[in-house]
Structure formats: C-alpha cells, structure tokens
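Chemist: Please see the structure below; I have some questions.
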Amino acid sequence: MFKVFGFGAKEEIPELSQEEKTKAILKQAHDFEQALRAMDYVLDDNADEGLALLDESDAKEASDQTINALARGVIEFLEATLGFEAEEMKKASATLAKAEALSLKSRERAQKIGLKSSSLYPPGTVYAVTYTESCLLHALLMIFSESMMEAAKAILKLRKSYYMLQEILETIKAANKAKKLKITSGSEDKESTPATFITGGDAFNSVDIPYELTPEEQKDKDLLQFAEQIHSMRTKRLSGAHIGNSPAINRLRGELGLQAMEDLPEEEITDHKVLSDDIDLSQATIDEFVHSGVNLCFGILQVVISLLPPAIGAVLSVVGFRGSREEGLRLVWKATKQRNVHGCIGLLALMFYYDGPFQFTDDDFDIPAAVKDSSNSEDSEDEEMDGPTLLHPGKILEDALLQSRALFPNSALWLLNEARMLSGKGRLEEAVALMDSIDVSKIRMRQVKSLMIFDRAITLIHLHQYDRAAEDILSLLDISDWSHAFYTYFAGCCYLENWRMCEMGLMKSDKKDEYQKKAEELIFTSVNLLGKKTFKSKNLPLDRFILRKVEQFKAKKEELGVENPLDGIATSPVHEISYFYNGYNRMSEEHLELTKKMLTEYRNPAIEALDSDQELIKDLLVSLTLRRLGHIQEGCDILDEKVLPKFFSIQNGKVKYIKKTEDPWAYPTALYERALFTWKLEGMDGLPESKEWLLRAQGYADDYELSTRVGMKIKAAIDRVDHSL
C-alpha cells in the first residue's frame, strides 16, 4: 500500500521527505505488529498459522524483512531449545544469523535516512535490539552444540550483545529521566508529541508517529486508515483478541489447578479486555518492542552469567562480562509486564528458574533476603521488585502464569508450566491430573508433547507410580530424538523399583516376573544406544552417567558371582534420578517414608556386600529424606559420620579433598547439602558456616559429571547467602 523508495533496494538510499518517512514509520510499526502476532500464534500451539503470517508478510512489497527473520528465528529457537534436536538447532542458527545481518543493515539504513520511529530513542535503536536478540539466541544455540569452535564464536557474540545491550539500556534510562524532567517542568517537545489526524471534525492520535504531522498529512485519509489499522492490531494483541480466541477474561483464574477451572463463573463476558493494569495502552509498538526486548535479553544474559561456575565466570570477567543475578531477574520481571513474545519468553525463563525441574531456588534453603536500601539510587524505580520478592515471588509468579493460561488456551506449554508449579508446591497428584486433562496426541508442537510426557514421568516417580512412568518414558522413543539411552535406562529403573516393591510385599502384582525381565533388559541394553538418537556429537552428561552406572552394575555382578544381574545393583538408581529432578523437595510425607523404606530395608547381595561407594549414595539420599521428614539432626549426623569422611576432611584448619571418581556428582552435592543442614539447624547464625560448606562444594573439582547442573545450584545458593549476610 505504501511503497517507500529505497527500502529493500541494494542501491544507495536517497533522502526521504517527511511524508515518505511517516509512511515508512507506519509500515515498520505494522510489520512489527504482524510479527508479534505470528509469534503469539506459536505460543498458542499454532506454529503453522504464525509461519503463514510471516510468509504473507514476506511476499508483500517493501515488507520489513528484518523483523520477519527474527520472528522466524525466535519460533525456531523455541522449537530447538524445547527439543534439543540437531536439525532444529541448525535451522534456527541459520535463520538467526540472517536476522543478525539484516538488523545491522536496517539499523544503518534507518540512521542514514533519519527514520525516527520512537519519541524516546535515536533512529535505528529498534534494529539494535533485533540485532542483540538475534545475537544472544544464536550464541545460546552455539553453546548448546558443545563444539569448542562454536563455543568460542558464541563468546564473541555474547560480548557483542552484552555491550550493545548496555548501551541501549543506558539510552533508555537517560530517555526516561529526560521524560520525567519534562513532565515535572511542564514543557512539551513537538518532536515527541503524538501525531494528530483531523478528518470530518474528529481527531485521532497515533502514538506510532512521534512528531506533529503537516497539515496535508493530518487530512490524508489513507494515512489515517493505516494508522487506525495499526492501533487496532495493537489493541487486539494487548487484550488477546488477535489470534482467534474468545475473551481471555472468561478463563482468568485466581488459583492453580483443575478445581479452579471448574469454579470459573458460567456467565461469559463478550468483550476482550486487557488482563493486567501494568499494560500501557498508549505505548507505541516500537517503544514497547525496545523496552521489553532489552529487559529480556540483558536480564537473561546477566542471570546466566551469574550462575556460571567460577572458572568460566573469571574468563568472562576478563573480557568485560559482569552478571548480577538480582538485577538480571529484575529486568526479566520487567519484560514480563509487556503483553508480547518478550514477556512470554521472560515468564518461561522465570518459571524454569523458580519452578523448573532443577529449581535453582532450593526450597530447603529458604533464607529471607535482606532488603537493601535503594532509595538514593538514581536508577531506582518505584515498581522494581525488592530482594525478598525476587527470591520468593509467590503469588506474583502464579498470577503471571494464569494470565498466559487464559491468553493461550490451546497451548500445552502453559499447561505444562502450571503443572510444574503445582509440582514445585508439592501438589504432585494435582500436577498429574492437570497433565492428564489434555489429550497429548493433539499437541501440535512435537517438542512440547515430549516435554509434557517427560515431566509427567518424572512426577510419577516422585509418587512411586513406576509402571505408568515407565510407559510414558518409553513412548518418547517414538517422539523425541533427545537421548534414547536415558529414556531406556530410566524405564528400566522404574521396573526395577516395582520388582523390588513386589519382593518386599509392598506391592501385589502378577507382573513381578515381567518387571524383573524388563528391568534387566532395559537397564543393561540402554548403553547400546549411547551416541545414537542424541542431538550432540558426544554423549550427554546424563548419558555418561548411565554408562558409568551400568558398568558398575556389571562389575559388581561379576565380583559377587550372582546369576541375576539385578542382584548386582545396590542402591536403587531411580532414587538418584528423582534427586536430579528435585523429587525430595516435592514428595509428601507419605512418599518420603516409602522412599526411606526402599532405601534402608530392601536387601540383596550387592547391598549386603556393603560397598563403600554404594553406601555413600544410599546414606546421602537417606540423610536428605530424613531432613525433609523433619529429622534434621539425624540426617545431618548421617552426612557427617557416613558420607563426608569418605572424601573430605579438615586437617590443621585446612580442607583436604580425597578425589574420587566412582560417583562424581555425589561429592560436591553432599557438601552443598551439608550447607543446607547448617541453615536448617542454626538459621541466620549459621549462614557464615553455610557459606563455607558451599565454597567447599564449589572448590571440590573444576569439572565433573553433571557439573553444570550441580554447579549452577551451588552458585545460586552462594549468591543467596551473600545477599543475606
């Protein structure tokens, strides 16, 4: 409709008249709105519709190829990181690389022609944001590839993102400060006054054009119609009316779970309404994109850097990276206040941080955060979250998730996150019931389908429902290309525990022999799948864990000379898996008691051999079970007397480690858990000692099996202690 000469052309760009610039600014806002709508379709489990929208936009003359490329990159990034499959990651990387290149060209073009599409920021700022977003997502994919060459390139990309984000963030802060001064002084800047159209006596203000229109433009009906169309697109997106769903307000709940869904009022509201008072209806599309994009990217970047192990963190510090977990979380929270894809990705990141399978904020380390005085800070804002709220967002996080559930009713991704939140609160049965409420076969996004089944299996083992957990996990062999070795081993461990429960009389089943046969077959053949059907060129950390465990089981069978291979397995391996996925913090008292019984009362030749390494694993898990049951001192005594002395001692005031390789994850983990015991026993007075234990955990080894998972948890705990000391 509005062809702007020079856009999309390779030749030198001529200067544009104000009328041409106005048309270009509106076209840019339109294309960004179209891209935001496309990405929202994906978040509602309708990727085909979203990609079709982008195809339609690409086919139009003078469309904004940059935001379209980024939108495709974001869609493909979500698909790649949800499933970690090689082809998906390769495709996303190529698209994001294209978005990077286009962003630099678009930024240069906007600067040359002076295209001021924001009342706050200089020309080209929005493309600086698309560049940093493309760079950051591309770098994350490079890191996930575990190629040394790709990782080196990723550091360079992260560095570029980091510095440009800092620059843009400073521009935002300066612009906000200037805006406040103008409001205080009562002055008005014509350059930042929204454009006003006058037709037939009525006036319409367009916030997307950040300057006064000429008299001719004010009466241009085509220009007015286009501005009104963009306003309508934005209004529909902010209220959730843009992707074909009924009003979200009718689905908005105040509580989690299926019961709250059943308790929704029967009378329906027919008008679409925004779900949050935080949404600014008067904000221009480009300004919204800049704010939310910078907050999301810089926030996630800082949180990730803050969680990295000291060795890597030290290297990054040398090249200028600094990560503040608290500041990063605060920025991500700001991003979630925007009703766009940045807000949604920010919420997914927060859900993973607070309530994900690894739960970086350990429930047992419930230290109250100190409230630091920020009243004198120039950059402080009234709406910023304080330390305690960042640590335990509680209902704020719950309400943010429930808004997304209302806005995207067709997406299993948000339902999965609600189930994870229920699980994090110990409401395991409700979590499973919620996941059962959806027909998994109808989930369009294959990666989300895989995650749903995997999470349900994990939750089921916390409930000791091993039969169904095994069925779920084995079904992933036909759906996911992640790690067939781990899926097979996991299922075998489930059948092993069922067989043991039958042996102990805790479970009556005519399938006892079947459980035995399946456990033996799946556990011992799982290693044959290593290196196959996995997204990386080398085995995953969990794959290496499986290989070591199975080799241990085989060696013990040979050593003891037992006929049944299962008699060569001492501590039940399913309890290790449960620990890796935070099961001990989520089990009820009933399920913790059953865990304790299975760990302490089952007998077989391998257990009776009292192997030192197997006893260490058993005693570590028993100590955690006792702590969660409230027997804190008893659990601590087991850790001090039976676990720590096997690899750790203090001689003449100096820490001495005995380097062991039998179960590498267990040793730093035991030191980490010892810090939590000190906190539980001594409270705030014990924080200095807790920090000592955490530093010992961090110093145990530079690299070990599952070091990333354990190391991030330790680093997050150290940051929490430092904040409270």
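Glycine is treated like the rest: Cβ placed from N, Cα and C.
Heads up, here are the entries from Swiss-Prot:
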type	residues	note
MOD_RES	T196	phosphothreonine
MOD_RES	S246	phosphoserine
MOD_RES	S377	phosphoserine
MOD_RES	S380	phosphoserine
Chemist: Using the alpha carbons only, what distance in Å do you get between S246 (phosphoserine) and T196 (phosphothreonine) once rounded?
Modeler: 32
Chemist: Give the three-state DSSP assignment (helix, strand or coil) for S246 (phosphoserine).
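Modeler: In three-state terms, S246 (phosphoserine) counts as coil.
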Chemist: In DSSP terms, helix, strand or coil for T196 (phosphothreonine)?
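Modeler: T196 (phosphothreonine) sits in a strand per DSSP.
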Chemist: Could you list the residues of the same chain, at least six apart in sequence, whose Cβ is under 8 A from the Cβ of the residue listed as 'phosphothreonine'?
Modeler: A203, F204, N205, S206, E212, L213, Q218
Chemist: State the count of C-beta atoms found within 10 angstroms of the C-beta of S246 (phosphoserine), not counting that atom itself.
Modeler: 14
